[in-house]
Amino acid sequence: MVILLFFNITPKNTVTKLENVSDIFFRDYDISTLKNSKENNLIKYGYDLFINTPNYIGPYNEDPNKMYSGNRLSCKNCHLNSGTKPYSAPLIGVIQRFPQFRGRENKIGTIEERINGCMERSMNGRVLPIDSKEMTAFVSYLKWLSRFAPQDGNVGGMGFVKINIPNRAVDLRKGKQVFIKNCIVCHTAKGNGLMSPDGHTYIYPPLWGNDSYNNGAGMARVITAAQFIKVNMPFGATYNSPILTDEDAYDVAGYINQQERPKKSNPEKDFPDLKKKPVSTPYPPYADDFSVEQHQIGPFQPIIKFYKQQYNITKTK
């Protein structure tokens, strides 16, 4: 069964087509209903890791050998509603979609490797041992989230919503205006977010600075960030009731990603086949002669056109 919904948006919001959102997102994902058992306790530990990442495997773990995440972000800060919100990189069905080919490594990768990709990039940290209790718990939680998903894991609402990419470079001045108008109430004017009362985790995450994702994260790409922002930001936005226009999301994504953030080590090892590198990847090398600046803030259409003409590759991000 699929729930069909129309976007009710302004003319500049170009996501006007019918969006298919699976009713799987409206099933029961209340972790508190799980009874105590060996399997369920592992699922609940995975959930705790997801919600309170820095306390368990980050800066607040007293055992330095257990400090895997390098910032104070939690998984929930990007995968909203504990990984169950449509078009916010939800994790429902993700288990069934792995093993999966990943261009960043140019090979078939496992779900454990994908988790470690997040650890090194979004969490600006280091990899979890594949056989660790923490990795097993993460995977157990993802399996539990995916228990209603179809065999191929493809559900309406997965990933991010598609937007029309403006045929121009990011307008950083306008992006700053969008940020001031819509974002500072939660993320503050300095982009450093709002901490929870415990002082360990974020209610609203930092968007740049030492506690944010590094430049190797998917969110550091303007197109990806704009797709996420479009139907998730500011607070209250949803896939069927977005607040920002495509252009606003594009400009504010560019503004955010032009701020200082940690640098991933050895970025040149990403995408061994450079033709598979997303056009808005903010760091070289590239399989083209476009500037780093154009890869960071556009315009992206000339780059997209180049890959289609030169390699017959259709780029969407």
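Any Cβ shown, glycine's included, is placed from N, Cα and C.
Copied from TrEMBL, the annotated features are:
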COMPBIAS  260-276  compositional bias 'Basic and acidic residues'
DOMAIN    170-260  domain 'Cytochrome c'
REGION    257-290  region 'Disordered'
Checklist outcome for this item: Looking only at the domain 'Cytochrome c' (170-260), mean pLDDT returns 98
Checklist entry - Looking only at the domain 'Cytochrome c' (170-260), what are its DSSP counts of helix, strand and coil residues? => result 41 helix, 7 strand, 43 coil
